[in-house]
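What TrEMBL records for this protein is below:
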- B:12-33: transmembrane segment (TRANSMEM)
- B:73-263: domain 'ABC transmembrane type-1' (DOMAIN)
- B:77-98: transmembrane segment (TRANSMEM)
- B:110-132: transmembrane segment (TRANSMEM)
- B:144-163: transmembrane segment (TRANSMEM)
- B:184-206: transmembrane segment (TRANSMEM)
- B:242-263: transmembrane segment (TRANSMEM)
Amino acid sequence: MAANENPVTAPTLNAIPKIKSKSSYKRKLTLYGVLFALPWMLGILIFSAYPLVMSIYYSFTSYSILDAGQWVGIGNYKELMSDNTFRISIYNTLYYTLISVPLNIAVGVALALLLNTKIRGQGIYRTLFFIPSLVPAVATTIIWMWLLNPQFGLVNYWLEKIGISGPPWLGDEHWAKPSLILMSLWGVGQAIVIYLAGLQDIPQDYYDAADVDGASTARKLRHITLPLMTPVIFFNLIMGVIGTMQNFVLPYTLTNGTGAPAGSLMFYVMYLYQNAFLYLKMGYASAMAWILFLIVLVLTILIFVSQKRWVHYQGKES
Amino acid sequence: MKTRSLRTIKNAVTHLFLIVFGIFFLSPFLWILSTSLKPNEELFLWPPKWIPSTLMWSNFPDAISYFPFFTYLGNTLTITVLATVGILFSCPLVAYSLARIPWKGSKPLFGLTLIVMMLPYQVTMIPIFIVFKNLGWVGTNVPLWLPAFFGAPFYIFLLRQFFMGLPKELEDAGRIDGASEMRIYAQIMLPLCKPALLTVALFQIIGSWTDYQGPLIYLSDETQYTLMLGLSSFKTQHGAEWQLMMATSAMITLPVIILYFVVQKAFIRGITFSGIK
């Protein structure tokens with residue numbers, strides 16, 4: 001690996017006649033290296049390093065746009081612990097993450113398996129399942145508000161047809177989050193593409209060997225396909241948890257930022273946004289950002305630690 | 001004979017599942033189409049009517065005239081173009097430095113890039129806002145495209161991986177011929193990574209076009225709004241006129257879908273013609 005990434009070795013240098021000495025050539029390369037990377041080095045400083053430091057600092061102050069604020073120590077963090085809306089937003093966000101991520105994985109894997117079979121119209125099916133994930137979130141919101149309209153929506157019409165009286169969906173505090181989860185399933189196409197790519201990587205030899213042994217389809221699925229899909233499932237699990245913990249646009253546009261009904265759609269980042277840009281409590285919101293970062297970090301580490309138990313990488317004996 | 005009929009049954013079951021799920025994925029689109037072409041009085045029929053009695057094509061121009069559609073379109077395009085230009089300027093430069101120029105800092109800088117990629121948006125959002133506020137750029141579109149000129153970690157990572165895969169002989173040949181690093185980059189390497197650049201451009205265009213949180217934070221004046229903000233405030237103002245909202249949603253979504261399929265074709269062609277695969 002190291003040899004590949006350091007391509008200028010002595011023989012190559014000798015092959016270039018114009019270069020007088022090794023050190024001046026190296027200096028020239030360093031100069032170009034720095035020059036080419038300069039925008040990004042500045043970018044890291046301005047848009048990552050400096051904000052990172054300032055965010056920690058702000059989280060210990062009562063900073064708002066209007067005044068410079070005062071040092072309050074861990075005051076913001078203490079206040080958060082007794083903030084009721086904060087607690088609700090954590091509950092809602094974890095609830096949503098814990099249900100929608102596994103459900104999205106289950107549906108995504110199942111559809112990918114179906115889409116991977118050699119059947120007629122495979123291309124059309126794949127396109128069909130992918131397109132919804134291209135729809136902008138604001139448009140998704142509007143479309144589903146109409147579909148889930150309790151009185152005139154298509155969904156409740158169909159439910160009525162099979163004899164179920166449909167719930168009030170987004171109008172009811174118990175049904176609002178399930179509605180959102182349903183909406184998130186509609187955008188599962190992006191994950192399906194990744195699962196399909198993972199399925200391509202499974203060598204045909206394994207299936208051939210299983211066929212010789214007379215294994216059934218179910219056994220091949222259980223002992224070959226699913227275990228070898230675990231690396232992509234792992235990837236989608238991590239991306240899914242990070243993404244849903246930061247869930248913002250769907251619930252924000254659905255409720256115009258209020259989190260109604262009864263705070264059931266108040267998500268963590270929505271409340272953070274409210275504090276920062278509505279109440280201008282920038283210090284308080286910075287403290288929230290750090291708590292979110294820690295929660296996501298802990299969840300990611302937990303998933304990483306768990307991978308030894310269930311993720312099978314090809315070429316590694318389990 | 002027996003295995004053959006078994007396979008037919010299997011295929012039929014697969015089709016059945018795909019069609020049932022397919023209805024869930026497709027029907028919202030058909031419903032948008034149906035609603036956007038309905039006359040006002042057929043919106044709230046029960047049972048719902050799939051095919052309008054008269055096709056109200058006028059809903060589309062009506063929707064456009066209900067809010068400053070073309071102003072918002074112009075604003076969105078300005079941001080999208082500037083941000084995409086910025087990304088295409090900065091990211092390949094940095095990726096080239098990380099992947100092809102042997103200098104001491106390239107490895108640490110790549111590690112730093114991965115760390116930055118993991119940094120959540122919310123943590124840096126507030127201090128960056130304060131910086132732009134102090135510079136007097138809040139309320140303008142500058143914060144929505146300027147950072148693109150300083151690179152974005154995900155695109156740099158993607159392009160670096162691509163540059164790593166190009167054969168070493170290419171730049172050696174250039175160096176032997178006495179070409180400057182700048183020329184090797186611009187005339188040999190960049191043309192070769194056209195498919196990757198196209199992918200990055202596509203991601204950025206879709207990202208800027210559909211961005212909601214950025215414009216929400218930085219734009220307050222309605223004349224500056226992007227289409228997404230416009231659509232969202234349209235929803236607040238004309239919440240019951242579903243035919244107009246569906247028409248607007250369709251018009252805003254369609255470009256993304258078309259762009260995706262156009263570029264996808266070019267992308268595949270790019271890979272086959274560049275001789276890399």
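Including glycine, each Cβ sits where the backbone N, Cα and C put it.
Caution: TrEMBL annotation is automatic and unverified by curators.
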Out of B:12-33, B:110-132, B:144-163, B:184-206, B:242-263, what stretch is closest in contact terms to the transmembrane segment (B:77-98), meaning most Cβ pairs under 8 angstroms?
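Of the candidates B:12-33, B:110-132, B:144-163, B:184-206, B:242-263, B:144-163 scores highest.
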Which residues of the chain, 6 or more past the ends of the transmembrane segment (B:184-206), have a CB below 8 A from one of its CBs?
80, 83-84, 87-88, 91-93, 96, 100, 148, 152, 155, 158-159, 162-163, 166, 170-171, 174-175, 256, 259-260, 263, 266-267, 270-271, 274, 276
State the non-local partners of the transmembrane segment (B:242-263) in its own chain: residues 6+ outside its ends, Cβ under 8 Å from one of its Cβ atoms.
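Distant Cβ neighbours of the transmembrane segment (B:242-263) are 31-33, 35-40, 43, 56, 59-60, 62-64, 66, 69, 198-199, 201-202, 205-206, 209-210, 227-228, 231, 234-235.
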